[in-house]
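Peer 1: Before we start, here is the structure in question, set down as structure tokens.
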Amino acid sequence: MAHLESMRYRKQPGAGGGHDEATVISGMSSAAAGTPTPLDSDDAYGADRAAGLNSDLGYSYEKKDLDFSSSNNSTLTPFASGDRQHQRFSISRNQWITLGFIMLAAAYVRLWRLSNPAQVVFDEVHFGKFAGKYLNGTYFFDVHPPLAKMMFAAAGKLAGYDGVFDFKTIGLDYIAAGVPYIGMRLMPALLGLSMVPITYITLAALGHAADACALGALLVCFENALLTQSRLILLDASLIFFTGLTVMFWALFFTESHRPFGNRWWGYLLLTGVNLGNALSCKWVGLFLIATIGVWTLKDLWEKLGDLSITPAQYFKHFVARAAALIVIPVIVYLFWFQVHFSVLHKSGDGNAFMSPEFQNTLTGVNLGHTPRDVYYGSRVRIRHDATNAGYLHSHLSNYETGSKQQQITLYGFRDDNNYWILTRTEADEEAHQNSTTPHELQQIKNGDIVRLMHWRTHRRLHSHNERPPMTTNDYQNEVSGYGWEGFNGDSNDHWRVQILEGDSKVPDSKKKLMAIHTKFRLVHVNQRCALFSNRKKLPKWGHEQVEVSCMKSAKFPKTLWRIESNINENIPKSAPLAEYRRPSLIEKVLEATAVMWRVNNGLTKSHPYESRPHTWPWMRRGMAFWGADNRSIYLIGTPIVWWLSFATVVIFAAVQVVLFFRDRRGFHDRLLGARERYMESVGFLSIGWVLHWIPFFLMGRQLFLHHYLPALWLAILALVGSLDLFTRRLSRKVRQVIMFALLLATVRMYFQYSHIAYGSPWTREGCERSKWFKSWDYDCYRFPELSVKTPVAPALKPNVPEIPMPTIGAPDIGDQPVAIMRNKNGEVVAHVPPPAQNFDPLEHENKLNEPAPEIHQDHLNSNSAKLDLEMKKKATTVEAGNDTDGGEEHIAAGH
Amino acid sequence: MSLFEQFAAGNGAKGSMTEADSNLKPASSPPPKYSEKASLFASDSDDDDTMARPAKTSRPDIALQQRREWRLSQYWVHIVVLTIFSAMTRFYKIGFSNRVIFDEAHHMGFGGKYVNHTFYHDVHPPLAKMLIGLSEALTGFDGSFDFKSGSRFPANVNYTFMRLFNASFGATLAPMAYATLVSLGCSPNAAFLAGLLVCFDNALCTISRFALLDAMLLCFTAMSVLSLSGLYKYRKQPFSAAWFKWLLATGVSLGLVASAKWVGFLAVALVGLYTLYELYDLFGQKEVGIVSHFWHWATRVVALVAIPVAIYMLCFVVHFGLLYKSGPGDAEMDSLFQAGLQGSGLQNQPLDVAYGSKITLKSAHPGAGLLHSHTDAYPDGSKQQQITGYSHKDTNNDWIVKKVHGQSYGNTTDTIEFVKNGDLVRLVHERTSRNLHSHAVAGHVSKRDWEISGYGMDGTYPDINDHWRIEVVEELSKNNPERRLRTLATRFRLRHVGQNCVLRASGKSLPQWAWRQAEMVCDRRNHLDEKTLWNVENHVNPLLPPAKPSQLKSSFLRNFARLNLAMARSNNALTPDKDKFDALASSPQDWPIMRLGMRMCGWEDGEVKFWLIGNPVVWLLSTLAVVLGPIQMLYYIVRRQRGLCDFAQEKEWETHLYVSGILWGGWALHYLPFFAMGRVTYQHHYFPALYFAAMYLAYFVEWTGRRIAGSANAPSTKAVMIGLGIAAIANFLYFAPFTFGFDYPAKDLAGRKWFSSWDIYDTTK
């Protein structure tokens, strides 16, 4: 802090009143030693400065006044260095005893009726299911990193879960299915419980008094949102736990700052790094934590830079230590958890389709095997779209309902016979080849060759012409269709030039000759000069919701690249060279998984009945319904007083800093009751953490939920207690105690008031209505019986309340029906079910890409096929008559 | 004394200014002097009381006078030389190509609209285009040519003059760069180098030689930063006459630059940030009292906010005044504005809508168009007739206002009944006799809302779901006590009586089965936004007299706001297809490293061709400077934090911060925002940033030379500067064919293809 002071000082040479720069700068080091420096004529400031550097002096009065918690000096040890007494941070026995009692209460509060409800609640649908996948070892895809889910899997394993129950929908019964769900819920509940001591120790390490630490621990204990979220199989408890652990070790690290490179110093620093990595491996929200620690590291390093007692060599050591612990270690931890993730999920599963073939090849049960490497004319091939994992170039006996109404060409995710294409020469080339000396020799396809692709099953040729595709209707996009019939010689609109863009550097010639798997190539339509392209757009029902393929002019490369995955040709000798997919390294796999997670995460834009935007969180505009059955329900809502006061604390901190900024500029150096340094070091750190855990959400387009605010909330609660501690120290002990008790009592009172919807325990309608301070808190009070009705039987008014399906996040199969039910004044359910969300879910979309295609009745189609052939022939005749848009001239030129 | 003389003089002889700045300075200012070594900081000399003055300050006034005159003449020589060079490079062979080159197709075309007075719509503010229009008017252009891209100018279009007019704006750039650096305290050498770099940059030269907006934008940007440098120079003498002049000049140039292109707002941001810093600095000066603070704020608000806003709006006043005829841009404006244009077809309509009137209904949501129906039916849902929004005018947009089922209305002049607020009406599609209808069937794209369909045969199948209530929201005409529904002037909602929902353009398009027309829904969640607002556009009723023109007048502020919103919308709509390769577009990271050039016209061998590319000496070295500058700055900052003093005087460091802040900050502000823009970006978007970068390069060379060699006039520094200048000129001449045009095959210039990504000629051909 001393450095910051002198920094501020130095920026305004005018205030120094005639001291030249050199004096001020050298004054810095003397200031660090605690010597009063004649920097300012302002006596009060000078005096404060002399004392303020050692904030324990600033608090000296309260040691006698406020020593009610029998705290020893160390609880008031300043955060930063520059202290004369380098006493080691420790927590006294009495404090441990206090903490023990708090823990007893917290254990009761946090673990009470963990078994209730014995049903699948909210996103347990996903995370329970994912735990099962780990136990089964089948690969799945999720938008979150793996650690928290693996912890659930481990808990499930310990509790005896066998991975069979599939957590399909909210409300499924656990007991009947014999799922050891209590064991699985115990894991987050214990993590949630450990937030209580973490809070205590963090506050103590940040230099707050023992009574404040206890208050903080109790506030966290009785906070309903943290409580609700940590009792269920949800990821946030793990995330908040690791966030808390990181912040705690970071605060402890600073208590060691006067003994750099000591054992404890290294220990705390490394533990900070490890837990940063863990938090990041639970959810990407951990990135905000990294930003928080990063900002504070930079600030600290900057101040150290000005501390001339640190030599450049030492400074370099400081720098390297932090870089290693806070950058390298988190990365290693993140990679490590992914390594565990990949090695546990070694079997093929429903997540395959999100990944590249190289990745899939590493899973057992997927055997992409090998295929003859060289591709010859006459080969039967399966062609995969390279940029998207949307599937293979596909055709089937259905026609477009738009444009040319010719046969559809699509991308299809599953391997079937309709993916096979035969590569043939153009008619002229074929003729030349037949007349050549070696008409029967195999001829390899080279870069620049013009080929035709014949669909193996339907004998249509891959064709394009000046028609707009069904979904992408830009004028630079052409429709791609299957055209022709058996025996038809084709026309020049079937001609595609093979343009090889990438090869495998290890395989010579793979950039010149077409090779399976190694070669990435474009198919450029000769007449239209457009490249075969796909953009993950789905065709409508008539296209069996498969992915559109079009031909795009001046397309950029990535989405026009194709690869041959299997290559069949009876004439290829058995000894011919083979090609197979490379096996990616761990880092490549993590990068790929991360890229897919990022893409899908950004695509989660479907609207959800309980989504909320960040600006509504701090003042808790609305909660989230998790579960409801009979006359009980679970609804995520915080303890209002804690949310509001903690938010106010952060706002006040910001306002005070702004005022101080301008007052400093005018030459007033306010001391804030002697607490200014501590206010910055403790509350300032927490507030910056809060900002970095909240503001970035505004930039996110994806659906967001109230529980995304919880890490920020925890930081804000600490800031609240910290501010309360610092600014009540000058009050009499009694007043301070009264204020703290009042806050605690109000919190506990509200905890009890809202505990019914936190635990899903019975409630009365009157109690519910009374607690509903805002209309926007939309938990359903009519669910609860009126007080007059003694029996817990559901009231006569609504004997047949239907089981309401609960929404979950991103669950494709459920979640269209919001739980909010409108009731009129009489409590009758108004027939008003909001219709399903209108945006499609990309996850669902992506899943659907990989579902088996709807049954196409071959018989039916075959009977149809004669008719189609006839139509096409008819069309061809009209083409000859010259009134067709379909490139009539080329058609004739092709000699038809 | 001209403005230039003032600042030039201010550099050498501050004494002449001290009378004016009695505000702050006691009469303690030392005798004016010029010291070659401290020229960077000379402008600060008069309040530099902590600095020990050299003993020789009491030099006789005569010598000073001589020196000052000599310097002045040197300045003028430099300026004149740079101006001549600029004129030569900008005007040489300017009429070489007689084709419409690049965006001349747009901008000369828009200029022609001012000649023709037809209303058009474009993404840019009007000032620069009005100036092009002025140049066309000066040539006596009759508005008959449409400036189609690549076409040849007819004999009666004096395109050479139009280009000359535009190029003269571009020619001011180099002298202004010179003056700016002098004003920022640089030595004449560095300033002259900056002038040369700006003058001999191929890109800045090429873009100035055609009738495009960029030359004017660059000119106004340069004016802004020149005025800012003047403001900086006199910052220690606030409220002096010179300070006021520069403040005023800054305000005016900001108004001009913002009215030329919206990129100009980046210059506004630069000045704004500078001003805020200055005010913050002032805040820390205890001797400045509250009254003084008030005046500091007030003058800046007037000069830097009020004046630019006034100029910006004035441009639109002129724009609307000149374009009084109906034209291609009508549809972007609301109906009431269109009614004020000659030939829009919306004049001479009856004012009050009566039962039996034939009307068209226009949505206030841009892009939704007119309420439309056609004989196609919905493929699913109710399978009734489609109702859509359609932007083009045809008879399928016509609706007849009728009373609800079972009621009739008078159909003579005497018995006519007007439609009023709150009335229940039925809207019957004239061509198909279907009623506008809604029911509890989900919409087709917006599935949360109800479907709108055409149902029944007029009165044949009476259904309450055909009834709509008129809810007037806004009335733009006067004297309407009965709250009648009025053509154009009334904005209203149509509330469905049966479902209590409102007719709304969902903002989405229907699929191909409805020809991708706009979707209409009945909104049941009460989104009472612009999309639910409607007005009557066309109104036919033979029983009623036409309205007086004065009754249908739209206010300027309303038109101004509407047009600016439309510009923003069109601008945001210029989003590229990220999968499509666009030979003209480039992305911001390509610019500083010159990855791409741009063909400005067709590339046939025999035609005159222009290739937009910068001067590598200027572009690459200025990129190097803007990268090295911050690194060097960081170096000094870190050393300062370690307590190491690199500067004999704190002022030297402070000045460096200020000047770097203006030049480097100007570059960053004109460059970095393009990364955040969703719209398509082109190479010429970098040019204002390049102007700053070129000046920063010159400053950086001088400053670094001063740090290393100890003086701005050290031989090594001078040698570097001369080398830079010569290299720039040589490279300019080497690339001159691209700038001045060449009519031989591009392959002949193959040697100038320095990077493989440059598309001078097609390697494939």
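Residue 1 is the first one shown; counting continues down the chain.
The backbone N, Cα and C atoms fix where each Cβ goes, glycine too.
Copied straight from TrEMBL:
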- B:1-60: region 'Disordered' (REGION)
- B:75-92: transmembrane segment (TRANSMEM)
- B:215-234: transmembrane segment (TRANSMEM)
- B:246-277: transmembrane segment (TRANSMEM)
- B:297-324: transmembrane segment (TRANSMEM)
- B:350-404: domain 'MIR' (DOMAIN)
- B:416-473: domain 'MIR' (DOMAIN)
- B:482-539: domain 'MIR' (DOMAIN)
- B:617-637: transmembrane segment (TRANSMEM)
- B:657-677: transmembrane segment (TRANSMEM)
- B:684-701: transmembrane segment (TRANSMEM)
- B:721-742: transmembrane segment (TRANSMEM)
Peer 1: Would the transmembrane segment (B:684-701) count as touching the transmembrane segment (B:297-324), if touching means at least three Cβ pairs under 8 Å and pairs must be 6 or more apart in sequence?
Peer 2: no
Peer 1: Mind checking which residues reach the transmembrane segment (B:617-637)? Cβ under 8 Å, same chain, six or more beyond either end.
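Peer 2: Beyond its ends, the transmembrane segment (B:617-637) has Cβ neighbours at 197-198, 200-201, 203, 592-594, 646, 653, 660, 664, 667-668, 690, 693-694, 696-697, 700-701, 704, 724, 727-728, 731.
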Peer 1: Same chain only, please: residues at least 6 beyond the ends of the transmembrane segment (B:75-92) with a C-beta under 8 Å from a C-beta of the stretch. Say none if there are none.
Peer 2: 4, 8, 164, 167-168, 170-175, 178-179, 182, 188, 191-192, 195-196, 199-200, 205, 208-209, 732, 739-740
Peer 1: How many of the residues that make up the domain 'MIR' (B:416-473) does DSSP mark as helix, as strand and as coil?
Peer 2: 3 helix, 28 strand, 27 coil
Peer 1: As a quick check of your reading of DSSP, tell me how many residues in the domain 'MIR' (B:350-404) are helical, how many are strand and how many are coil.
Peer 2: 3 helix, 28 strand, 24 coil
Peer 1: Below 8 angstroms Cβ to Cβ, which residues of this chain, lying six or more residues outside the transmembrane segment (B:215-234), approach it?
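Peer 2: Sequence-distant neighbours of the transmembrane segment (B:215-234): 3, 7, 10-11, 17, 43, 127-128, 131, 166-167, 169-170, 172-173, 176-177, 179-181, 183-185, 204, 207-208, 240, 242-243, 245-247, 249-250, 252-254, 256-257, 260-261, 263-264, 267, 270-271, 274, 658, 662, 666, 670, 687-688, 691-692.
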Peer 1: Using DSSP, break the domain 'MIR' (B:482-539) down into helix, strand and coil residues and give each count.
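Peer 2: Secondary-structure composition of the domain 'MIR' (B:482-539): 6 helix, 30 strand, 22 coil.
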Peer 1: Any idea what the model's mean pLDDT is for the domain 'MIR' (B:416-473)?
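Peer 2: Mean pLDDT for the domain 'MIR' (B:416-473): 89.
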